[in-house]
Amino acid sequence: MQSMAASCSSASSSRTWAAAPRWPAPPSLPHSRHVAFSSSSYPSSSHGCRWPVASAPKLPLDIRGALRPLPSPLLAPGVAAVRTRAAAATASPPAAGMPEGGGGISRTLQLGTMILVWYLLNIYFNIYNKLVLKAIPFPYTITTFQFASGSFFITLMWLLNLHPKPRLSHKQYAKLLPLALIHMLGNVFTNMSLGKVAVSFTHTIKAMEPFFSVLLSVLFLGATPSLLVLGSLVPIVGGVVLASMTEVSFNWIGFWSAMASNLTNQSRNVYSKKILADKEDSLDDINLFSIITVMAFLLSAPLMLSVEGIKFSPSYLQNAGVNVKELCVRAALAGTCFYFYQQVSYSLLARVSPVTHSVANSLKRVVVIVSSVLFFRTPISPINALGTGVALAGVFLYSQFKKLKPKTKAA
């Protein structure tokens, strides 16, 4: 013991652990894998010797709650810094929005699949919806049924915990009420137009959405469109006018209903993008569309009863000479496609820029017009086809010029 006390006294007087004689191994600490020992961690004994104890200070926690290793004093400063950065990079999760393992190709495939599904659901919705509207020309009733179908799938999604249920305050619900009203009116006007004119003509008129987008931006946002953007509106308007003059199924109610749906749908898109960008609302694209769909159903039901009454009863359909079973199947398919195609559209709007969404939407109109013409065998004159093509070409030019506008400002 005297020799050990002498050696401890010698180590204490040297003020460094490097010159100390061979020490016995420090006692192991239970449940500790990362322990940092320093001179302050060794309390002095009666002989001036310091022993390691379990009261050593804990290491700082990393982002996942694990102990973060400190740089070793035995390494050179540069090597210690490199190892510390490597450990921090290993422990930290990838930044939000950055795909793991690059993810460029996988994201492109995901967006391409979503656009393809969006197009297919649109084709089937327009075909089945037109067949239902031919059998019972009641747009308010059909719209309410479609929102009811969407509300059914949304309720099922929340009950099965397929997606987290939103928790909103009364103030947030009040904020979403105008959006739900616009969403409901846009679909009512679309069904009114589809019930009066051909599907191809309705979508030709709806190609004028960029015109209303520019108009709303000027009136409410004070934006000044570039000359290229304004120039792209000329073929859009001219093509729609040319197609309308030669349309066999032309009807003023169908024409103005499609124009009104352009106005309401563009207002909905702008307002939805603003809400999705607002961090205070904490709503994702799925819950935002789900909430306004349920609210639109609650708004459309009293409107349907006041305007059209109950027209979907089996007795009324049998008296009208309608095949009830066939009609119900088509209405169910139209309602299912209606909900899922709009859900996919909202999901795309949250993942891409408005310009990219507008380009995909213009190409969707081409696909829907061509498919509806082939399915319903709609008679189209050469001038009518030319007007439709010019309008869709103008929509594509508008999308491209809209994309170039920020670069002009930056220059």
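Including glycine, each Cβ sits where the backbone N, Cα and C put it.
Taken from TrEMBL, the feature domain 'Sugar phosphate transporter' applies to 109-399. Computed over the domain 'Sugar phosphate transporter' (109-399), the whole-number mean pLDDT of the model equals 88.
Counting residues 6+ beyond its ends, the transmembrane segment (108-128) has Cβ neighbours under 8 Å at 194, 199, 203, 330-331, 333-334, 337-338, 340-341, 344-345, 347-348, 351-352, 360, 364, 367-368, 371-372, 375-376 in the same chain. The transmembrane segment annotation in TrEMBL covers 108-128 (among others).
For 140-160 (among others), the entry in TrEMBL reads transmembrane segment. Same-chain neighbours of the transmembrane segment (140-160): 129, 132-133, 184, 187-188, 191, 290, 293-294, 296-297, 300-301, 303-304, 307-308, 311-312, 331-332, 334-336, 338-340, 342, counting only residues six or more beyond its ends whose CB sits under 8 Å from a CB of the stretch.
If you look up TrEMBL, you'll see 180-199 (among others) marked as transmembrane segment.
Feature annotation from TrEMBL assigns transmembrane segment to 211-237 (among others).
Taking Cβ pairs closer than 8 Å, the transmembrane segment (249-265) reaches residues 182-183, 185-187, 189-190, 192-198, 201-202, 205-206, 208-209, 211-212, 216, 378 in its own chain, all 6 or more past its ends. Taken from TrEMBL, the feature transmembrane segment covers 249-265 (among others).
Taken from TrEMBL, the feature transmembrane segment covers 286-305 (among others). Residues 140-141, 143-144, 147-148, 150-151, 154, 157-158, 163-166, 168, 173, 176-177, 179-181, 183-184, 187-188, 272, 275-276, 339, 342-343, 346-347 of the same chain sit 6 or more residues outside the transmembrane segment (286-305) yet have a Cβ under 8 Å from a Cβ within it.
Sequence-distant neighbours of the transmembrane segment (380-399) (same chain, 6+ residues past either end, Cβ-Cβ under 8 Å): 200, 204, 207-210, 229, 232-248, 355, 358-359, 362, 365-366, 369, 373. Look at TrEMBL and you will find 380-399 (among others) tagged as transmembrane segment.
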Long-range environment of the transmembrane segment (180-199) - Cβ separation under 8 angstroms, sequence gap at least 6: 126-127, 129-130, 133-134, 137, 139-140, 142-143, 146-147, 205-206, 247-251, 253-255, 257-258, 260-261, 264-265, 267-268, 271, 291-293, 295-296, 299-300, 303, 338, 368-369, 372, 376, 378
